[in-house]
C-alpha cells in the first residue's frame, strides 16, 4: 500500500468520486488518501466516470485483498496510483473508512470558503480558526452553492457544527467544531470574515511541494547543537568581510571585475588558471584571492597652437634651482630692439610685479617669461643686460629688484654709449664732406 507514480490529468472526463472525509486508522488513511483533494477515478481497470455502484461493488469483491486505485489530486493536478485493502476489521464504518461523493473536479475546487479576519474572543477564534490560511472545504452536510455554507451556520445557531478545514501553511486538513453565536459581543455569528469565489480558492502546488528531499533527517534526528543541512558554513558576515574585487568563478555565477576609471573594459575575465581564480582549500570551501586595482592613466595635456612654441627652450623647474635655461647665442637684446618695442612692452615690463611676480622682456623677435622664485633670483647675474634711453628710465618701477639692477647697469653704460653715438656722428659728417669735395 502507498503512493505510486504520478501522471498528467486523467483521460475520460473530469469526474470522479470525491473524498470528503477520512477516518483515523482506516484503510483509506493507511493508503495515503487525502480528504477533499483526492478523487478516485479508477478502481482495478474500470474508469469511474459515471455515478453508479461500480466503486461499492468492486470494493466488496476485494475485501481483505489489495486493489489498485487511480487517484487525481486537485492540489497537485496530477494522477497517482494507490494500493488499498478494503476491510471490515479495521474498527470503523465502511470498507474504506472514507465518505465519498460523485462530482466534477471543477465544481469541487469552487466550493471553498476562505477564512479572513478573525475577531478576538469570537466563536471562530474559540474554535481555533486561523485567519487567511484556513479554508472551509466541507462539513457533515453537502455544500454545493455559496449560500449553502451561510444557511448551515444559521441553522446551527447555538449548536456545535463540525467543519472540514484545510490550512495552506501546514498543508493539512483537520476537523474543527464551532458553535455559532450571534450574541458573542461582535458582528456575525462566527466573528470572522468569509471569502468565496475565484480569488479565494486554494492555490495549486507542484507535486513535490510537501515532499522532503531524500536523505534529509527529521529535526528530532539531528544532534544537539548541529547546524541544519542547508546552513551556510561558519565565516565572516557580509558586513565584516570586504567585497570581492576579482572576476572569480564559483559554481554557476560570475563576479564582475572592477575597472579603474579610463581602463579598458574589453579585458577578458580571469580564467581558471589565473591568480584571482577561486581555488578550494583543504576543507573544500572556495578561497578567493584579491587583485589590487590598476592606477588610472596619466592626464594628457593639449597645448593650444596659438601659444608660443617653447619646445626648443628648457624652462625653469621650481623644484630644482640649479638648472637655468640657456638662451641661444644668436639672440641679443640691443638698445634698438628695446626702443622699437613701443610703450606697450615697457608697461608690461613695469607691471610684471603685479601679475604674480613675472618679469617679461619684450623684443621684436621673442618674448621670454621668468617665474618669481628663489632659483631665478640666484641666477640673476646670467641675465642679459638691457640698455634703456633716459626717456624710458622713469617708467621702470623701483620696487622691482630686477628693474633696479637694470637701471644701475644703464646708468654705468650711458656715457659710453653717448660717446659712441657722437663719434659715429662725426664720422658720418666727415664722410659726407669727403663725398661733396669729390663731386666738386
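Just so you know, glycine gets a Cβ as well, placed from its N, Cα and C.
The N-myristoyl glycine annotation in Swiss-Prot covers 2, and the record cites similarity to another entry as its basis. What Swiss-Prot records for 15-215 is region 'GRASP'. Sequence annotations record features per position, and here Swiss-Prot assigns Zn(2+) binding site to 18, 20, 103. Residues annotated as domain 'PDZ GRASP-type 2' in Swiss-Prot, with sequence analysis given as evidence: 111-199. The region 'Essential for interaction with GOLGA2/GM130' annotation in Swiss-Prot covers 190-202. What Swiss-Prot records for 205-248, 261-301, 327-440 is region 'Disordered'. What Swiss-Prot records for 214-239 is compositional bias 'Pro residues'. Annotated phosphothreonine per Swiss-Prot: 216, in sequence order, evidence recorded as a large-scale study or a structure entry. Annotation comment: Swiss-Prot describes 327-336 as compositional bias 'Low complexity'. Residues or ranges marked as compositional bias 'Polar residues' in Swiss-Prot: 337-351. The phosphoserine annotation in Swiss-Prot covers 362, 364, 373.
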CB within-chain contacts under 8 A for residue 20 (Zn(2+) binding site), separation at least 6: 35, 36, 98, 99, 100, 101, 138, 164
Residues of the region 'Essential for interaction with GOLGA2/GM130' (190-202) by DSSP state, where helix covers H, G and I: 3 helix, 4 strand, 6 coil
Shell list (Zn(2+); ref centroid = CB of 18, 20, 103; cutoff 8 A): 17, 19, 36, 39, 100, 101, 102, 108, 138
Under 8 Å by Cβ from residue 18 (Zn(2+) binding site), counting only residues of that chain that are 6 or more apart: 36, 38, 39, 100, 101, 102, 103, 108
Per DSSP, three-state class assigned to residue 20 (Zn(2+) binding site): strand
